[in-house]
Amino acid sequence: LGKKARTFDLEAMFEQTRRTAVERSRKVLEAREREKEDQAEKEFRYLHPDSPASASNVIGAQSTLTPRYLDMIKIHSVQQLPCLKAQGQNEDTDDEEEEDEEFIGPPLPPGFKDSDDDHDDDDMQDEDNNPVKKIPDSHEITLQHGTKTVSALGLDPSGARLVTGGYDYDVRFWDFAGMDASLQAFRSLQPCECHQIKSLQYSSTGDVILVVSGNSQAKVLDRDGFPVMECIKGDQYIVDMTNTKGHTAMLNSGCWHPKIKEEFLTCSNDGTVRTWDVNNEKKHKGVFKPRSVQGKRVIPTTCTYSRDGKLIAAGCQDGSIQIWDRNMSVHTKFHCRQAHAPGTDTSCLAFSYDGTALASRGGDDTLKIWDIRQFKKPLNSAERLPSFFPMTDCCFSPDDKILVTGTSVKRGGGSGKLFFFDRETFQKLYEIDVTNASVVRCLWHPKLNQIMVGTGNGLAKVYYDPIKSQRGAKLCVVKTKRKERQAETLTQDYIITPHALPMFREPRQRSTRKQLEKDRLDPLKSHKPEPPVAGPGRGGRVGTHGGTLSSYIVKNIALDKTDDSNPREAILRHAKEAEENPYWVAPAYAK
């Protein structure tokens with residue numbers, strides 16, 4: 001009660017801050033002057049080893065600067081009174097830059113170069129020659145999607161949000177800027193009820209997400225997971241798939257047009273590849289029908305647009321890769337019949353950033369790269385890369401020089417890996433042991449320079465390098481976990497009625513802690529409820545076999561083990577006791 005409020009003399013505080021700033025600046029400057037003098041002396045000796053006299057002139061010329069700098073610093077510190085340490089450091093570096101520009105002393109000898117520059121150049125050349133150094137894998141974070149396979153990954157173009165989908169039908173949204181180090185998804189939903197999620201992708205503007213699942217209708221959600229449109233289901237009784245408005249069988253894959261933000265592509269087990277417009281859910285935009293050598297229907301297992309959006313490519317179950325011009329759906333523009341082994345699911349097609357090469361990941365455990373202009377045989381091929389999933393990915397690095405894919409493993413059969421191949425030579429450059437389960441999805445984001453990986457045991461991993469990578473995972477690992485607030489004991493809401501009569505007015509609550517202490521002393525409020533009764537019952541309370549008296553009686557009847565099969569014996573059992581100790585009949589007749 002008798003405490004006085006503290007008073008602050010602001011002027012005195014400002015004056016102290018100013019003095020500290022001047023003092024610190026003077027010390028920094030003196031140290032820098034000393035350094036400069038030493039440097040000038042060394043350079044002078046290097047140029048004029050015979051003349052000792054003129055060295056002092058150089059030093060004198062430099063030391064004349066000191067008062068001018070001190071005045072500048074005094075003025076500067078008065079202008080910026082609340083001078084923080086960080087600001088002071090920045091000012092120092094600015095002054096250094098100014099001094100570098102003015103450069104006092106004799107010119108440097110020809111051919112002399114700052115040693116730091118040499119190192120930087122060497123590092124840059126090393127990095128260019130050695131593409132492994134460009135792989136951002138020094139750090140990783142693990143996002144726990146669930147327990148089942150993460151079969152779909154999508155990152156928006158800016159790299160702010162990641163969306164994951166899995167065999168557990170869930171789609172989870174992760175916001176790197178909003179997440180802390182506990183790495184929790186901010187939303188989880190099941191957009192397609194009980195259908196596995198096959199593919200997720202943000203549109204080129206990042207405002208909507210295409211969801212392809214195991215049913216026949218693709219969905220488009222907005223950034224927060226609310227439905228925007230759902231494709232129509234086709235009529236399965238129509239033979240010619242061109243005449244029906246949508247897919248009639250399970251979808252396999254889908255993707256957005258890279259340039260037209262409203263258009264997307266889907267392929268399905270009904271043997272068609274269809275293009276759609278977000279604004280028209282009643283009917284597809286175009287239909288492409290892959291055909292086998294005999295002209296029969298063949299199922300496309302994956303589809304994609306070229307980087308400029310002019311071509312549509314599909315990998316089919318007969319092992320072929322077929323490519324159409326987006327505007328002409330009848331005949332293929334390029335096709336390769338034996339791209340992969342027939343009967344295997346080609347799980348991914350990816351065009352390079354320069355648009356000349358196409359990479360294909362086959363279900364026959366291979367990764368191949370093609371030049372679509374000479375489409376008869378692959379430029380290069382890598383074998384023995386097991387794939388058990390119909391959506392195992394492959395993708396190009398942002399600089400187009402590396403090709404990445406994951407491998408599958410059986411349970412307990414080692415760890416799934418991420419392999420990096422040189423695009424030109426197809427030599428294996430590097431591998432990352434991801435986890436003791438298959439690596440299904442992989443995605444190398446060009447803006448963030450981070451690699452996202454979806455695995456067979458429900459993890460989404462993000463690999464990054466603090467120096468080479470931007471934003472993304474770097475934003476959330478630096479935030480500390482929020483402390484969970486202990487739920488305060490429910491206290492009765494206090495209703496404020498300023499004009500109520502004294503008899504109706506509630507006493508004003510001081511604080512919850514004092515109230516809780518009072519409640520602890522109140523025998524009624526702090527009464528511990530009776531624990532459940534064990535056994536037949538105790539203290540007038542019936543056991544747990546039923547709360548009613550009748551159930552208790554029924555239970556006791558069932559427990560009564562007396563044998564009433566012979567009534568005469570049952571009555572005579574009490575004859576001796578009745579004779580010795582008469583209670584009912586004899587005393588009544590005695591009088």
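Using the three backbone atoms N, Cα and C, a Cβ is placed for every residue, glycine included.
Summarising the annotation, TrEMBL assigns compositional bias 'Basic and acidic residues' to 30-48 (among others).
Residues annotated as compositional bias 'Acidic residues' in TrEMBL: 91-103 (among others).
Residues annotated as compositional bias 'Acidic residues' in TrEMBL: 115-129 (among others).
TrEMBL lists 130-140 (among others) with the feature compositional bias 'Basic and acidic residues'. As a summary of secondary structure, the compositional bias 'Basic and acidic residues' (130-140) carries 4 helix, 2 strand, 5 coil according to DSSP.
Residues or ranges marked as compositional bias 'Basic and acidic residues' in TrEMBL: 505-530 (among others).
The annotation compositional bias 'Gly residues' is assigned in TrEMBL to 536-546.
Under the heading region 'Disordered', TrEMBL lists 30-58 (among others).
The region 'Disordered' feature in TrEMBL is assigned to 84-140 (among others).
The feature region 'Disordered' is assigned by TrEMBL to 505-546 (among others).
In the predicted model, residues of the repeat 'WD' (143-175) average a pLDDT of 91. The repeat 'WD' feature in TrEMBL is assigned to 143-175 (among others).
According to TrEMBL, the feature repeat 'WD' maps to 244-286 (among others).
What TrEMBL records for 305-325 (among others) is repeat 'WD'. Mapped onto DSSP classes, the repeat 'WD' (305-325) shows 0 helix, 12 strand, 9 coil.
Each residue in the repeat 'WD' (349-373) gets a DSSP state, and the totals come to 0 helix, 13 strand, 12 coil. The repeat 'WD' annotation in TrEMBL covers 349-373 (among others).
Taken through DSSP, the compositional bias 'Basic and acidic residues' (30-48) splits into 18 helix, 0 strand, 1 coil. Annotation: stretch 305-325 has the most Cβ pairs under 8 Å to the repeat 'WD' (244-286), among 143-175, 305-325, 349-373. If one looks beyond the compositional bias 'Basic and acidic residues' (130-140) by at least 6 residues along the same chain, the residues whose Cβ comes under 8 Å of a Cβ in the stretch are 397, 399, 401-402, 420, 422, 429-430, 432, 449-451, 461-466, 468-469, 473, 477.
Secondary structure counts, DSSP: the compositional bias 'Basic and acidic residues' (505-530) has 10 helix, 0 strand, 16 coil. Same-chain residues lying 6+ beyond the ends of the repeat 'WD' (349-373) with a Cβ under 8 Å from its Cβ atoms: 301-308, 311, 313-315, 319, 321, 323, 334, 336, 339-341, 379-387, 390, 392-396, 398, 400, 403, 405, 421, 423, 426, 446.
Residues in the repeat 'WD' (143-175) partition by DSSP class (helix H, G, I; strand E, B; coil) as 0 helix, 19 strand, 14 coil.
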